[in-house]
């Protein structure tokens with residue numbers, strides 16, 4: 001089964017070395033370029049904590065004050081606590097299942113690998129895999145749109161008479177994402193995700209400080225904490241909306257892919273990473289949610305940053321609002337790159353040659369780019385630039401890359 005290592009756990013740790021060593025064991029482990037190159041297992045439990053924090057603690061937490069508006073004090077706090085307990089238990093239980101399979105010599109590296117093993121190959125191929133990719137794709141699109149909105153907010157504050165539209169900033173953020181998508185593996189994101197962890201603490205602290213400052217100022221409007229809605233039906237739909245916001249904010253961990261980046265043995269490492277992640281969750285989710293709801297009551301907007309500006313007039317220093325938005329934009333890019341990894345892994349497994357080295361010229365790396373085939377298809381599996389020069393009648397395959405147009409292995 002592709003992506004399930006049935007032999008020595010060290011087989012998955014080094015892309016090129018593992019691919020070479022596996023040539024002696026062709027029937028024990030099937031080569032998979034996506035697993036070897038994108039999900040290379042070299043990380044520690046600290047790196048695991050960075051990845052988990054980036055995948056869960058993201059700018060949507062700035063909508064938690066609005067969720068508390070729809071639930072009230074008691075319902076909002078209880079929902080945050082219950083969601084934290086349920087998701088921590090679920091993530092830890094899932095990691096224990098993965099550790100059990102790893103101890104048996106069948107390490108599961110992806111959600112669809114687990115589905116293939118537990119539910120059957122059809123469930124993994126036609127249900128679990130597509131659902132995961134739709135969720136990850138939606139997260140990337142949402143991050144791109146939110147990043148564009150934050151960039152436009154900075155633009156409007158800096159130049160109120162400006163005429164640029166939202167789609168311009170969404171395009172700029174998308175181009176930035178195209179560059180970040182060229183990062184070769186999930187493990188390579190560890191330093192970016194450390195910065196992401198610090199940034200989420202930074203903008204959460206900024207949002208909390210601004211809410212406390214505005215709420216305690218003498219010019220603040222009277223606070224009202226009654227549930228919004230004129231009818232029972234409106235309030236009921238508001239409760240469902242709030243539960244969806246809280247559930248979405250907590251429930252975004254891609255546990256198998258993150259645990260796949262941890263070097264063997266994996267026992268106990270995921271739990272330590274979850275402890276790092278949930279320490280950050282407790283420091284950010286509750287502080288932002290409680291302070292925002294306390295400061296603005298049922299007048300809280302869908303994104304609490306919007307309450308810091310009243311009719312175009314910042315309620316806190318302009319530089320403070322700009323700094324908070326910059327922190328949010330940078331962290332959004334890290335979150336989007338994390339959710340690109342399952343797609344990158346599939347593309348790598350489809351187009352790359354697992355028998356080549358990770359940065360070999362004969363290996364196509366299509367992350368975030370466009371693959372173009374010129375002319376007819378070549379039947380040679382491992383052709384590269386040198387072979388193509390010798391065989392004049394063979395065709396070239398190229399891919400677009402920020403650093404130029406590179407030769408790649410031909411299509412089969």
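Glycine is no exception: its Cβ is also placed from the backbone N, Cα and C atoms.
Nobody curates TrEMBL annotations by hand; they come from automatic prediction.
Keep in mind the model is a prediction, meaning the values are calculated, not measured.
These come from TrEMBL:
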DOMAIN    42-355  domain 'Amino acid transporter transmembrane'
TRANSMEM  70-98  transmembrane segment
TRANSMEM  135-158  transmembrane segment
TRANSMEM  164-183  transmembrane segment
TRANSMEM  195-216  transmembrane segment
TRANSMEM  236-255  transmembrane segment
TRANSMEM  276-296  transmembrane segment
TRANSMEM  316-340  transmembrane segment
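At the 8 Å Cβ threshold, with sequence separation of at least 6, the transmembrane segment (236-255) lacks contact with the transmembrane segment (164-183), having fewer than 3 such pairs. The listed stretches are 70-98, 164-183, 195-216, 276-296, 316-340; of these, 316-340 has the most Cβ pairs under 8 Å to the transmembrane segment (135-158). Here the transmembrane segment (164-183) does not lie next to the transmembrane segment (276-296) in space: the count of CB pairs under 8 Å, restricted to residues six or more apart, is fewer than 3.
Same-chain residues lying 6 or more positions outside the transmembrane segment (70-98) and placing a CB less than 8 Å from one of its CB atoms are 52, 64, 107-108, 114, 225, 227-228, 235, 238-239, 241-243, 246-247, 249-251, 253, 255-256, 259, 266, 270-271, 274, 278, 281-282, 285-286, 289-290, 293.
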